[in-house]
Amino acid sequence: MKRTPHLLAIQSHVVFGHAGNSAAVFPMQRIGVNVWPLNTVQFSNHTQYKQWTGEVLAPQQIPALIDGIAAIGELGNCDAVLSGYLGSAAQGRAILSGVARIKAANPKALYLCDPVMGHPEKGCIVPPQVSDFLLEEAAAVADFMCPNQLELDSFSGRKPESLPDCLAMARALLARGPKAIVVKHLDYPGKAADGFEMLLVTAEASWHLRRPLLAFPRQPVGVGDLTSGLFLSRILLGDDLVAAFEFTAAAVHEVLLETQACGSYELELVRAQDRIAHPRVKFEAVRL
């Protein structure tokens, strides 16, 4: 029997709705990955509602929880770490310490850093210290990074002028250490208004993917968290990078189709679960 992969997901959690782990854990489980959720914050709801309650996890709790997993002899069974929204740079450093411990216990373990800073239409949501940490420290450790356009712009200190410029910016981030960069949401002058575009960039090649852009009265939150989680999960399940990239785009589109059909603000993950596991649509990544 083929072993089920195990993934430690260190990101935010909301009690109501879907963001961070609340957007990613169930879909990752649904496609066949055992997920160990470690919540960096626990909020009542995501912050686009403009009001919320809850608390940020103290940075020292992250190594303490990883110590607990090590104490029961399970740390070496962790195949990957996924990190998302950080409440502080100190939280980020605690995560990198945990990644180092896991890679020592399992040298094949992977680390995907989703450098959450905000959304091109919603603005930056983290302090400058977190942005600096992600670029100067996390990028050197991560196997994969999955920025959106706002985050890529922040890393580059400028906005792109074209698709080739987006590619150059992604390659500059790649040069800091990761094996692959997935740009989850491209935005550049001249981009078709009816398309949603993504990039996959490695040292050897790059691929561009376009899918239809779906209209919503209010853009759902958690799409980037869902994207990063599914991409890493498909890698753990045996996909190559391009296959994981294409699957992720299709599965996320299926969720958005269901969400749009229901007129929902929150992602319709439960209703779309079979289409997450077996997308009916397919989008081809074109090599650039």
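Indices start at 1 and increase along the chain as displayed.
Cβ coordinates are placed from backbone N, Cα and C, and glycine is handled just like the others.
Around the Cβ of Gln48 (substrate binding site), a 10 Å sphere holds 17 further Cβ atoms from the protein chains shown. Annotated substrate binding site per Swiss-Prot: Ser12, Thr47, Gln48, Asp225, in sequence order, evidence recorded as sequence analysis.
Taking a C-beta cut-off of under 8 angstroms and a sequence separation of 6 or more, Asp114 (ATP binding site) has the following same-chain neighbours: Gln11, Leu82, Ser83, Gly84, Met145, Cys146, Gly224, Asp225, Ser228. Taken from Swiss-Prot, the feature ATP binding site applies to Asp114, Glu151, Lys184, Arg211, Pro212, Leu213, Leu214.
The Cβ neighbour count for Glu151 (ATP binding site), using a 10 Å radius over every protein chain in view, is 28.
The number of other CB atoms found within 10 A of the CB of Ser12 (substrate binding site), across every protein chain shown, is 26. Among Ser12, Thr47, Gln48, Asp225, the residues given in the record as binding substrate, the maximal Cα to Cα distance rounds to 15 Å. Taking only the Cα positions, the spacing between Leu213 (ATP binding site) and Gln48 (substrate binding site) is 21 angstrom. Around the Cβ of Arg211 (ATP binding site), the same chain contributes Gly195, Phe196, Ala249, Ala250, His253, Val281, Phe283, each under 8 angstroms and 6 or more positions distant in sequence.
Here the CA atom of Gln48 (substrate binding site) lies 18 Å from the CA atom of Glu151 (ATP binding site).
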